[in-house]
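These come from Swiss-Prot:
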- Arg18: site 'Appears to be important in orienting the phosphate for catalysis' (SITE)
- Arg18, Trp19, His33, Asp69, Asp77, Leu78, Pro79, Thr80, Asp137: substrate binding site (BINDING)
- 30-142: domain 'HD' (DOMAIN)
- His33, His68, Asp69, Asp137: divalent metal cation binding site (BINDING)
Amino acid sequence: MSQSHFFAYLSRLKLINRWPLMRNVRTENVSEHSLQVAMVAHALAVIKNRKFQGNVNPERIALLAMYHDASEVLTGDLPTPVKYFNSQIAHEYKAIEKIAQQKLIAMVPEELQDIFAPLLDEHHYTEDEKSLVKQADALCAYLKCLEELSAGNNEFLLAKSRLEKTLAQRHSAEMDYFMQVFVPSFHLSLDEISQDSPL
């Protein structure tokens with residue numbers, strides 16, 4: 001039985017910091033970001049099904065979100081202003097991501113590749129799945145901005161403004177619900193969110 005470096009590579013996602021050009025009060029790595037995106041994507045899928053007559057698989061969407069940035073273990077986290085500087089760079093970076101995704105899939109033992117390929121390669125996502133993961137990704141970036149701003153770090157003001165436009169473009173009923181029900185708490189301190197339910 002041959003060895004696979006797949007999970008050894010994925011474990012290094014925690015070494016890749018997000019927002020590399022920004023001063024951060026608290027650094028965020030790709031591994032923890034992926035977990036938060038998975039939780040939010042799962043919630044969006046549940047909300048879509050329960051409140052807005054959706055028919056998506058929340059558990060699959062959580063898994064897709066968990067792996068959505070896995071290729072960054074090979075490419076690094078390219079800053080957004082660089083990634084989207086122009087359409088040519090954006091196109092080439094997408095091609096690089098695709099190569100990285102295929103390289104990761106090739107690391108998986110052949111008898112398991114049919115399970116992992118649809119998680120790592122977004123071309124296997126349905127439109128609903130892709131939309132929910134992208135919404136969750138943008139929401140989590142927005143939440144990071146709120147956390148930094150609430151800690152007094154104005155470095156994230158423009159990023160917050162840019163992400164508000166992104167969220168408006170990716171708007172959905174389930175996102176509106178999430179924004180109204182869950183996001184306001186991110187403006188509060190620990191004392192404020194725990195005062196109604198002390199341990």
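Backbone N, Cα and C atoms are what each Cβ position is placed from, and that goes for glycine too.
Shown here: features listed in Swiss-Prot, placed on the structure.
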| residue | record | Cβ within 10 Å |
| --- | --- | --- |
| Arg18 | site 'Appears to be important in orienting the phosphate for catalysis' | 19 |
| His33 | substrate binding site | 23 |
| His68 | divalent metal cation binding site | 24 |
| Asp69 | divalent metal cation binding site | 20 |
| Asp77 | substrate binding site | 19 |
| Asp137 | substrate binding site | 21 |
### Query
CA-CA, which of the recorded positions Arg18, His68, Asp69 lies nearest Asp77 (substrate binding site)?
Arg18
### Query
Would you list the DSSP helix, strand and coil counts for the residues of the domain 'HD' (30-142)?
90 helix, 0 strand, 23 coil
### Query
Taking the Cα atoms as reference points, how far is Asp137 (substrate binding site) from Arg18 (site 'Appears to be important in orienting the phosphate for catalysis') in Å?
13
### Query
If you measure Asp69 (divalent metal cation binding site) to His33 (substrate binding site) at Cα, how many Å is it?
9
#### Entry: His33 (substrate binding site) and His68 (divalent metal cation binding site), distance between Cα atoms, whole Å
10
### Task
Measuring Cα to Cα, tell me the gap between His33 (substrate binding site) and Arg18 (site 'Appears to be important in orienting the phosphate for catalysis') in whole angstrom.
8
